[in-house]
Structure formats: C-alpha cells, structure tokens
C-alpha cells in the first residue's frame, strides 16, 4: 500500500491510496475541512499538527485514527519533516501571515518529493490582499467597482504589489510552485469573509463578523467606517471546505493540469458580497429583537477612531475586497450551495420567532420542508413551556441542544442535500421527518421515504399516525379486544383508525366537540359519547357496550378527569395507556392500580417499523386520512393562523398544517399547463418526425447512402413510417385502457427513442425501414392517447379545444424545426451528419417527454373506469386546486362515476358494441371521430406536409435550396394559423370551422391546378400563393379538429377505442396519400391537385348533416346529448338535446351538493348524529 498524506497543521491523510497532512486542524477553517475529509475519505491516513497535548487529545477523541503531531508554526524543523513525508499538505493555521512556516513547508515538500512522486501543497491565503489599493490610497468606506477575477485575471492576482496584505507569504508559495513545479504542485486558496458554524473538534466560529457583533453588543453603537460603502465577498465555511476537498481529491488522483497548480493555481472562493454597514445594521436589529441591546444609532468612525475601538479588524470593515471565483468552478466543478434557512423557533413561553439558522452536517439529510403539522405538545410548549424542551440555561442532557430550538415534529419534505456519510438517500426524493423550517437538517435515520402516490401533505400526518401505531403495538392490544379512546384529537382519531384496522371488536370514543366526534365516527368508532352530558356518561356507555369494561384504554387528552375515566372504564387486568402530555402533575392511586392488577403504560414515540407501517397505510387509505387536515397556513402566519387559532378555536380543528414550501407537484392551472407542455412535446415529436424525411429526399449524402432510390421507392420508404403509425394505433386499441393514459404516452416515446436511434445509425435500406416503422409505432400510440389525456384532464370545457390546438401548434413547430434543420444541412450536403443528426434528434425530444410525464397525473376518468375512485378524487382535487373534500371535487367525481355507471348499463364494450348503436350510440360516435380524420388526411394536407419541397421542385421548377426555403417559410405560417386556432376553436365551434376549412382547401387546390395547367410565370405564382394559402384554411380547421373530435365525441368506456380507430383511419389516409403523391405528380402533373379540390368539396354535405357541435360542452354533457337525441321516441334535434343535457347535468350537480356525502372512511356523518340521538333517547 502506497501511503499518501495531507498536512494542514497536519492533516496526514492516507489509506489504500494516499496520506494527507493538515496544519490548523483545531482552527475554524482547517477543522471544518478536516471533518469533511475524514467523512468523505476515511480510508486516508491523516496527521494533524496541534500546539498542545490537550488539543491533541480533543482531535484524537474526534478522529481516533489521526496521528497527532505536537508543535506550532514556529517549529520549522517539525513542519519541514512532516511536510517532507506528506503527499498533500493543507495549510490553514494563520497560513496567510506566517512566512517562516511557509518557507519550512516549501523546503520540506521539495526535499521529500521528486518528479515521479510530486507533492501537493494547498495553502490558505486571504482576500485581505485585495484591499491593497484602498489602503495605499487612504480610501475608507468608499464604493469601488474594482473586481478581481481568478480566471481571466489570474496574472493580476499573482503579481500584486509587495505592500499588499499577505503578499509576502503568497510570494513564497507561488515561487515554490513555479521554481520547483516538477516536484511541487501548489494551490493558493484565498477565502473572503467566512460565515457559518464549523464542524471541527474545537473552533467553530469565524472572526470578522464575530468581532463586528462583539463591538456592537459591547459598545452599543453601529459602526460606520468612513463612507460606509465598502463591500467584501463572503463564503460559507462548508463551501470553502468543499473546495479544499475537491483540491485534495485532484491531488490524490495526480491531476497535473498546469491550470490547477503553480503560477496559475490561485483560487478565489465566494458566494456573494455584503456591505459592511448594512451587515452591522442587520446585526444591531437582531440584537435588539433578542433583547440584548436597545435601539442603536450609527456612529461614523474615521481611521484612527476605528483603530481605537477594534484595531485593524475595524479598518477592514471600511475596505473593499471584491472578486469572482471562476477557476474552481471551471476546473473542479465547485459551486457554493450552503445556505441559511428560515425556522420557527421556541425562545421562551409565548415567544415563537421566525429566525434564520444554519444548515447541516455529514451524517444528516437536509430536507426542503413542504408541510409540518402543529401537535398538541407544540401547543403545550407554546402556552406553558418549556415542559419537554430544555430550559434557557439548561441544555438537554441527552442531545446537548439548548434554546432557541426549532419546533415541529410532524413534517414532510423533499431531500435537497445528503451528508457525506449518509447512504440510501437521493436528492429529490420525498420524505417525512420533522420541523417548522424552510429547510431542516435531521439525522438520516429519522427520515422515511414516501411512496410516489403519497402526497407531502399526507406525509406530514405520518408522525402522529406512527405514534398511534407504536402505542397500540406496545400496549399488547390484540384482535377482538375492546378499546376506549379518550379524546378525538389527531392522536385519538389516529388511534381509532388503527384500532379498527387491527380488528378491534368495539371502539368507544369520548369527545366533547361535534366536529371531532364526527371525525372519530368516520375513523371507525362504534360510538362517540360526550362526557359533558353527564358525570357518568363515559362509564355508562362503556358498560353498555363492553361490560365488564374495556380491555385497553388510551388517554389522549392529558387531564386528571380523563385518566380517572380510563381507570373506571377498564376491566381488571386491563391496560391504561397515557399518550398525552400533562401540563399539571397527575395523581395516581397506586394501591387501586395494584389491587385491580391493571397495567399503566405511557409513551409518545415510535420506531422506524411503526413509521414504515403507517406509510403503507397512507398508500392504501391516504385520500381518507386527508380529512384529518382542517386548515393549512403559511409559515409566516404560523403563530397567529396556526398556534393561536388552535388555542382559541380548537373545537373547529383536527390538524392544522404549516405550509412551508408546499407540494413539489403542481396543482390547478399550473398542473394543466404542465400536462399541456408534456402533450405538446409529444405532438412536436409527431410534427418533427412527419417532416424530417421529406426534406432528406433531396439530400445527396442520404441518396448516395441508399443507392439513389427511385421515386416509387422513396414513396415506399416514407410510407413504411405510416405503416408503423397504423400498427401503433391498432396496438393502442388493445393496450390503451389497460395501461392508462400516462403509461401509453411513455410507451410511445420509448418506441420513438429506439426508432430515432435506429434511423440515425442505419447503413442499409432494411435498417432504415425498421427504424421508420419503430418510430411510427410510437407516433401511433401518442396520436391516439395524447388528445384523450389532455381532454380528460381539462375540467373547463371552454379550454379543451384551445389546449388541443396548442398541441397541434407544437406539432407544426416540430415540422418547422425539421424544415429549417434540413435547409441548414444543405450547406454540408456530402456529410452524413446532414441526415443522421436530424433523424437522431427526435430521440432527444422523446427522452425529454418520458422524463416529464411520470411527475404529472393520470386521467381521473380512466381511474374511475378502473374503480379507483379515491385516486380519481385526489387527482380531481389537484386539477381543481382545491381541498379533497371541496364540493367542486365531489361533484366532478360523482358525475363521472354516474356517467360511467349509465354506460355500463348499456352492456360491456366489445367489438359487437362497436358496430351497435345502443343507448350510448357508440358506433355513430366512432364513425364521427373517424370521419373527421378522413377529412383531415384525404383532404390533401400530406401532399404539402410531406412533399412540399418535391412539389416545388417538380411542379414549379424551383431549385432544391429555394424549395427548402419556401417549405420552411410555409410551415412557419402554418404554425401561425395553428396558433390562431386557439382563439376561434371555442368561439365558432368545431362544425363551422370544418365547413370553413373544407371550402377553403377545395378552393386552394382548384386554383393551384388551374394555375399550373395554364402555365406561365404569373399563373405559377398564383398557384404557389394558393398552395401557401391552403395552410390558412387547414390550420384553422382540420388540423386541430381531426385529433380533438375523437377524444371528446366518444364515451368514457369507448374513448380509447374510438380514438384508436380514428387514428388507424388517419394513418391509412396518410399512407394512401404519401404513397401516391410522387407518382401522381410525376404522371398526371397539375391534374393531381383537382382530385383534392373535389374531395374537399364532397366533405361539405357530410359535415353539415351528420356532425354534432361539441364546443363548450363537458364530456359528460356530450354523452348525455347522444342519449337524449337517440332515446326511443325522441323528437329532439341535436341543439335541443344539447340544451336539455346542460339542464340535466346542472340539476344533478345541485342534487349532489345537497346529498349527504358518504365519508371516505366508509361511514356516514349523518349516521353518527342519528345514532347519538337514538342513544340519548
């Protein structure tokens, strides 16, 4: 084993690969850096230089494997010897000002190393060196724009005047690293003001800000040095240590890049800057709020006055030291990330404050807190504490923690940082732990991962549930026993719920408030009794339900009366379990307890096993348990809206959550935007893939690779993609409903990724065709599923058409992108990149979509089809951006459930149903959706979309490059008209726009045919203009409606089937047109366009007589329209059926809102009230 060492007042680091030696390990900088090195690289062998044996013992206790070297910076012989043995020396002990120590380390490093075995010296300087100009010119407190840079301006930093602060020592380091660069690699790290609590074994605070604070507290004024405008950079000590770690790792790996070491190895490190006067004002304000000082005034200090009050330290508060740290970022990837966080802390009785505190250590996990619940113990501490919290001058004997403390222990959040020693946690995962804080650092063992389907709101309830689970487990409760729960607060209700889950034969709950009584009933209580109605009410109810008494009683109230009731209501040998925190001493008759042989237990903790069990419960019954939450307030309003609200209005609440950062997942409008963006990406893939191949048919490199395929073969290559789309749509018929909307989109994108890679890497025609078919299958999936997903997650009918129009605009954007990309690659026509890159680029878009979709929501209608009603309710709550119990959420869910029930009454959906017009008119609706796609594809769009460059060359005589330019410009105006559709699709409706589109498209093809038939420059120009005008009519009509109509016209159960059949029709039309277009243009020339003029004209009577307007109607109203219109004996027109459907659905919503809701725990709230009245009677 080759030893390597690090010195930093001796950090000798070694282990399988290396030793490190560090000087200054008992200091603030080196101590923190050493703790990081030890935790990150315990395999290293370390030596640490300390001044005394006593300090050495402290270091040895913290790091037993470290070799202790006794000495100081004046012991040159010791320093030289240790440096000669160390592979890496980290020097931070007054390093910037002790020239003798620097010379000794330099000599030892040179003497002990060779070219084959170089040494590495990491030296700590200081940005006081950057104040030289202010000092030299006598400026004090003046603003300066001068900002040094350690990348572009490193030469300036390494050649500062000899009079500059620290310069004499810098010169020693730089000279050693330059003169002996073959055997000694030096890095000079220059930190500014350092802040943050250190993690070392001895010193844990910085100096500059500390001295400023000390002056303010002792002398009772705010110092303003000179003009008070001087600025200084700052960095958190953890970020500085991270830079040292990166340099040590680079040295250990023998990275010998000249940019890292020697004359260019000069590192600034900063994360921002501060104005000293502004910092002093902030310190004074905080000191005043804490009661340490009264209101302080500013006091101007000239140079001598500043020297008199705080020596050179005060002078530094009037000097500028500004720089940009780029070298570490560029070469090592260093990025400062340590921050302070906001936290609600308990200072004393009735004194909660929102403070800023520091973050965490190597064995901790830092969480971005989403929600934190207010517990009864928090209220007790707020009103009468400290009870369990340590007293102001008496730290906790177990943890050593003292006031002020962060409150809150029912928390959920997302991991944003993981300590060096922590394993098994990943940044970004959702977890549950504790703390009223924006971020919170907790021991990794106290953090439990949450499953994807458990929201962060629910995660905040895991802690009280875990307490209840633990209490039940250690009480000895077994299935079939009878239980009494005293108090129906959050813990009492959690106990009731879990006792029911565990198989309790009978559960009696005692509770005063009506709302909490209803909650207890919902949780599974067989009866809830109000103890206020009579002195013996609880005892009487117990004897009536479970004589001779309860097997176990849980006191969740914490008062003498409930404890006495627990004793009275339990049978001999029973267990009495105290879960509550008592503000007053409890009187216990031990003789009575002994004679009745009852067990008295107490506790309010839990284990990891309990936590994990309740997380599984949250997975199963989360939407039910969500009803525990009665209010959510922001952290800034935690005292008034949370604590004070519970103190004064306890009867109205079960659990109040403090919203700190909230859910990571979007809700409401933002969620709908995210779904639309995801759908838009999927359709952009469609447009890109649709257009990419047509532009390559004129690419010389592409044609050469595939042996100059004939015109007919070109058409067949393009058509194979369409065949894949047909296959994908057919598969979607059978997989769409089993997989669901999200997974179907993801599967489609996976096919697209594979297809893009296959096409980009193809060297034979067969290889290319397989890639085209694979991509086509993916597009078949996506074009079937994406409009359905968008339509089913859009709760506002007036937005549905607009959102699908946005998707189609994205489709054209993909088409535009490929047109301009193909044009750009005409400048490198002989390079294979010119066609391989465009084909492979689609895989990147597909990967992006796959990464995005899982973080959104499944269609609530699909969930209801699968009878997953609670999940559907949770999704609807997010889409509405309302609480899960909100009436709007309930109405949406129950209407969907009832609509599906009506559809199921018409029989199971099968192939027979497809061709049968039952009550739901399934066959008619499927035909209408498929017909819209016939209009879209047979109408001629693909003559333009796929072959416009070829059309412009062969029919109009343009050069290949000009044809590509015109195609790209044309596609851009197509995208514009597609975007404009969002403004008219709901205003004018589907039917009118289809009539408008068919008429306009017919006109365009007719004029194009006439112009080309007549010939001549003017006629050809008119023909080109009308080819371009075609996109106006098509983009404002069929482009969107072809995909929108099948996703809304079909019923819930037949929507996937109908959309898939529509897409099969769509792609068959595409296949037909792209196959015949090259042949048609070549053989019948301008007459080919007459065919499409006639077809578009023929569409008009079908649209007029058979199509139903769906704009502004909900999906349920569309269902009802067909049921009413085609009911036996009905004489309604579609317009009349539409009005009646709206009226009926509105009446149903009113009826649902007045209907008693079935509680999500399976009980009726009204049942509790009825039973209560009956029991009293």
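The backbone N, Cα and C atoms fix where each Cβ goes, and this holds for glycine too.
Just so you know, TrEMBL annotations never went through curation; they're auto-generated.
Listed in TrEMBL:
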type	residues	note
DOMAIN	675-1111	domain 'Major facilitator superfamily (MFS) profile'
TRANSMEM	713-733	transmembrane segment
TRANSMEM	745-763	transmembrane segment
TRANSMEM	769-789	transmembrane segment
TRANSMEM	801-823	transmembrane segment
TRANSMEM	835-857	transmembrane segment
TRANSMEM	926-948	transmembrane segment
TRANSMEM	960-981	transmembrane segment
TRANSMEM	993-1016	transmembrane segment
TRANSMEM	1022-1045	transmembrane segment
TRANSMEM	1057-1080	transmembrane segment
TRANSMEM	1086-1107	transmembrane segment
State the mean pLDDT for the domain 'Major facilitator superfamily (MFS) profile' (675-1111).
83
Kindly say whether the transmembrane segment (1086-1107) and the transmembrane segment (993-1016) touch, using the definition of 3 or more Cβ pairs under 8 Å where each pair is 6 or more positions apart.
yes
Given the cut-off of 8 Å on Cβ pairs that are 6 or more apart in sequence, determine whether the transmembrane segment (713-733) and the transmembrane segment (1057-1080) share at least 3 such pairs.
yes
Chain residues outside the transmembrane segment (801-823) and at least six past its termini with a C-beta under 8 angstroms from it:
672, 676, 679-692, 695-696, 699, 786-787, 790-791, 794, 837-838, 841, 845, 945, 961, 964-965, 967-968, 971-972, 974-975, 978-979, 981-982, 985-986, 990, 1035, 1039-1040, 1043-1044, 1047, 1111
Please determine whether the transmembrane segment (1057-1080) and the transmembrane segment (960-981) are in contact (criterion: at least three Cβ-Cβ distances under 8 Å, sequence separation 6 or more).
no
